[in-house]
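Since the structure comes first, as structure tokens, the remarks are kept for the end.
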Amino acid sequence: MSLRWQAALLDPSLAGGWAVVHCRQQFLVDDSGVLFPRDWLKRLELPLLSEQGLGHFDGEPVFLFELDVPADVPGARWQGLRQFMQQVDPDLFRLLGYATQIGTWVSQHRFCGSCGSPMHARAGERAMYCPACGVQHYPRLSPSMIVLVTRGDELLLARSPRFAPGVYSTLAGYVEPGESVEQCVAREVREEVGVDIHPPQYIASQGWPFPHSLMLGFHAEYAGGEIVPQPEEIEDARWFHIDNLPALPARQSIARYLIELYLARRLGRPEPVLPG
């Protein structure tokens, strides 16, 4: 696994380094990229909500400038995280995904949810602290399952109304309180498409910063039942033969990895590399 990007708790009082600028799920970018000289950004007097030390990219320190409102910077524009997925290398996307999660967490914890007092970053750890009542919050992580259901040479794929036209993907959903991830897999498959599965096999995981999911990937074999798409959640679901697949999710997604991995094992091809 690449070590170009390494998360670390850096002290914002340190000088120099690079910075990414984030606001409302978008990053500032110019013709040179998304990393800006930090000292140059400081001179712009941006509407800074918080500055967070993120870690190191290619050995250089990287910081996050989380803005209160978007700012106009000559020669730069704002761009959403999903666009970067197709444009930058996986290590830089991991950095941006981490920055998104930290920035979202900071912006959503400006005030204490218990007493309403302003919250402050706690020195020495990634935490927001309320000095008035002592409540402490860490970055949020939402565990989610994603599963490829198969029946021999057939893959059960579905599409949400939110997908790009023609794209089908694997099934996914959030883990509910009190259930295991395996229980979540069986429940979500039953809810979304109405079929039963054999016990699922864990494959791999991927951080999914939209804005703070951890995708736990599984494969499950079909056990029985007819496909009945869940109203409002699933626009269409059907079995696809491996020789006649529809448009699939982006290659950087774990959904695509689960599909490509099954095809490789079924057809005796080299296995794909897990996306960062």
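Keep in mind that glycine also has a Cβ here, set from the backbone N, Cα and C atoms.
Here Swiss-Prot flags ARG82, GLU125, TYR138, GLN206, GLY207, TRP208, PRO209, PHE210, PRO211, HIS212, SER213, ALA255 as substrate binding site. In the three-state DSSP classification, SER213 (substrate binding site) falls within a strand.
Around CYS130 (Zn(2+) binding site), a 10 Å sphere centred on its CB holds 20 further CB atoms from the protein chains shown. Under the three-state DSSP scheme, CYS130 (Zn(2+) binding site) falls in the coil class. Per Swiss-Prot, Zn(2+) binding site is recorded for CYS112, CYS115, CYS130, CYS133, and the stated evidence type is sequence analysis.
What Swiss-Prot lists as divalent metal cation 1 binding site is ALA172, GLU192, GLU233, and the listing cites sequence analysis. Sequence-distant neighbours of GLU192 (divalent metal cation 1 binding site) (same chain, 6+ residues apart, CB-CB distance under 8 A): ALA158, LEU171, GLY173, PRO229, GLN230, GLU233, ILE234, ALA237.
For GLU233 (divalent metal cation 1 binding site), the count of additional Cβ atoms within 10 Å of its Cβ stands at 15 [all protein chains shown]. GLU233 (divalent metal cation 1 binding site) falls outside any helix or strand according to DSSP and counts as coil. Taken from Swiss-Prot, the feature divalent metal cation 3 binding site applies to GLU188, GLU192, GLU233, supported by sequence analysis.
For GLU188 (divalent metal cation 3 binding site), other Cβ atoms within 10 Å of its Cβ number 22. Marked as divalent metal cation 2 binding site by Swiss-Prot: GLU188.
If you average pLDDT over the domain 'Nudix hydrolase' (139-262) in this model, you get 97. Residues or ranges marked as domain 'Nudix hydrolase' in Swiss-Prot (evidence: sequence analysis): 139-262.
Sequence-distant contacts of the motif 'Nudix box' (173-194), counting only residues of its own chain at least 6 positions beyond either end whose CB sits under 8 Å from a CB of the stretch, comprise 142-145, 147, 149, 156, 158, 200, 202, 213, 216, 218, 220, 225-230, 233-234, 237. The motif 'Nudix box' annotation in Swiss-Prot covers 173-194.
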Cβ atoms near PRO209 (substrate binding site) (within 10 Å, other residues, all chains): 21
Cβ-based neighbourhood (8 Å from the centroid) of the divalent metal cation 1 site, residues ALA172, GLU192, GLU233 excluded: ALA158, SER160, LEU171, GLY173, GLU188, GLU191, VAL193, GLN230, ILE234
Alpha-carbon distance [ALA172 (divalent metal cation 1 binding site); ARG82 (substrate binding site)] in Å: 18
Three-class DSSP secondary structure - GLU192 (divalent metal cation 1 binding site): helix
